[in-house]
């Protein structure tokens with residue numbers, strides 16, 4: 001009898017722990033998102049816009065690949081490889097449909113620190129005479145790409161470790177002001193690093209703490225050595241790039257295909273330099289020989305991993321943060337979701353695997369992602385199509401870029417960072433919404449330009465956490481027990497009864513970046529129907545212990561509170577008396593929820609708001625100004641809801 005029970009128990013245990021086919025299928029779809037969207041791909045509707053976007057993206061990938069390879073202190077051809085392989089891997093594992101992975105200015109700048117430290121220019125004379133069998137490049141160039149590949153490999157390993165540890169859930173610590181300040185500061189660093197090419201000045205590599213200021217000090221000390229030809233070429237290139245891109249932006253709705261000004265400029269500059277022999281006549285620095293083809297894979301030098309650990313952490317964190325911000329932005333814009341942890345896996349593999357193929361560190365770039373938006377890309381097929389054209393450049397067109405001036409590439413880098421640099425304009429909205437966030441932005445930016453992007457990011461996160469922890473103890477929490485979530489029978493003027501549901505929800509905590517995502521999720525759980533009506537909402541039923549929201553039924557969250565609002569006859573009253581303070585992320589979440597509810601025909605009213613909250617929400621969002629949404633009390637809001645219903649019924653009756 002005991003043996004039979006034991007056997008039965010072992011059979012049940014085996015069934016519980018044997019993975020089912022459906023579970024394996026779901027796991028594969030979760031870890032390989034391409035298996036989810038590729039079978040559903042609509043060739044008729046999506047192939048044409050994806051093809052056009054892919055061609056335009058290829059132009060950007062080639063131009064930025066050459067530019068960011070130079071920024072990373074390696075041969076330009078390795079930037080072309082970095083524009084090819086990471087894009088393919090991200091298309092398989094990534095969830096951002098409009099995220100264009102490839103070479104990236106910030107990660108290139110970070111890896112350049114390791115390259116210049118371990119393989120400085122002073123060692124060039126020792127290796128320049130000995131050419132390797134790899135693409136005919138010198139041992140010096142191969143040593144440099146070896147260091148950059150090692151940074152990419154170790155950075156990708158760090159991202160994969162973060163994926164295994166499920167650290168994607170910790171990304172809520174990365175607030176919008178911190179990310180904005182860090183990327184703006186890093187973009188300022190990148191522009192500074194290109195000054196020597198823009199001015200044609202020969203200068204040593206300068207990095208480290210306060211290196212930003214040392215570079216400009218060196219430039220001013222050697223201002224007389226500025227090369228006039230390079231300066232004029234740079235000014236002309238920047239003017240053309242800015243002017244044409246602004247015109248493309250202004251008329252993008254009227255023209256089907258924007259002018260690929262980067263490609264046109266590269267061709268025109270190379271042709272002009274070739275015809276006038278500027279390299280020999282004026283000493284203008286050009287890209288030089290670009291070999292065609294792809295070399296066989298080679299492992300990065302593992303013996304230097306400990307020496308590049310600092311840069312690898314910088315690449316892992318900065319690259320992931322910048323890429324995740326773009327993925328979340330595209331997801332919000334086009335109404336789909338992105339798994340923060342899956343992005344760790346996608347970007348980790350996009351760095352580890354290409355490191356064996358002579359690639360520099362990769363990440364998503366704002367300019368390329370914005371290009372996919374503007375050209376109407378639908379899926380990652382656009383990125384895969386761009387890889388085909390990048391491959392053509394690698395095998396056929398690359399050698400023709402010999403005469404491309406370095407100052408033109410530097411101009412492309414600088415103009416390509418415009419989207420990051422104009423984030424200075426965010427300071428005004430931070431000042432109007434939350435002055436503490438304004439202070440965090442300024443301090444994070446200063447730390448970034450004084451030290452490095454990863455240092456600035458770390459400072460911003462620590463500073464933000466410290467401020468929130470300092471504010472939370474002073475926060476007042478409100479628990480109202482005498483209000484109920486009610487089904488009201490509203491009698492209209494025509495003595496007709498219409499059932500209207502009014503949900504009264506109290507916000508019981510400050511609304512800041514730490515809890516904004518949870519607030520949004522809990523509120524939407526109350527509003528939206530669940531696919532399984534019999535499944536209780538655990539998070540809502542436990543809201544008294546661990547959530548921001550209290551759906552008020554004698555102070556308790558019950559299953560009734562989880563019933564969805566009717567899409568036509570539902571009003572939501574948010575009691576904000578417990579919202580004692582907020583930050584920019586909290587305000588943006590509140591406004592976005594309001595607009596989302598409005599699009600679902602759910603009327604939202606806010607009661608007991610502080611003057612600062614009303615001012616911040618009015619400044620931030622395009623709120624409905626035709627009817628009031630802010631009220632002094634909950635009864636006042638309910639009174640308006642009843643009045644609006646009576647007026648609506650009276651109007652309907654008069655029309656009949």
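Quick reminder: no glycine exception, Cβ is built from N, Cα and C everywhere.
Given the structure is predicted, the values throughout are model-derived calculations rather than measurements.
Topology note: residue 43 and residue 376 share a membrane side (same topological domain name in Swiss-Prot).
Range 200-220 is the one annotated as transmembrane segment, of 200-220, 284-304, 473-493, 494-514 (source: Swiss-Prot). Cross-referencing 449-469, 533-553, 554-574 with Swiss-Prot places the feature transmembrane segment at 449-469.
Remote same-chain residues near the topological domain 'Extracellular' (244-254) are listed as 261, 374, 415, 418 (criterion: CB distance under 8 Å, separation of at least six residues from the stretch ends). With a cut-off of 8 Å between Cβ atoms, the residues of this chain six or more beyond the transmembrane segment (167-187) that come close are 105-106, 109, 318, 321-322, 324-325, 339-344, 366, 417, 420-421, 423-424, 426, 430, 437-438, 440-449, 453, 456-457, 460-461, 464-465, 513-514, 516-517, 583-585, 588.
Counting Cβ pairs closer than 8 Å and at least 6 residues apart in sequence, the transmembrane segment (307-327) and the transmembrane segment (384-404) reach fewer than three and form no contact. The listed stretches are 76-96, 145-165, 223-243, 344-364, 449-469; of these, 223-243 has the most Cβ pairs under 8 Å to the transmembrane segment (405-425).
Taken residue by residue, the topological domain 'Extracellular' (97-144) breaks down under DSSP into 27 helix, 5 strand, 16 coil. Remark: secondary structure over the topological domain 'Extracellular' (426-448) totals 22 helix, 0 strand, 1 coil, with classes taken from DSSP. Only residues 6 or more beyond the boundaries of the transmembrane segment (449-469), in the same chain, are considered here, and those with a CB under 8 A from a CB of the stretch are 106, 109-110, 113, 173-175, 177-178, 181-183, 185-186, 188-189, 209-210, 212, 313-314, 317-318, 321, 436, 440, 443, 512-514, 583.
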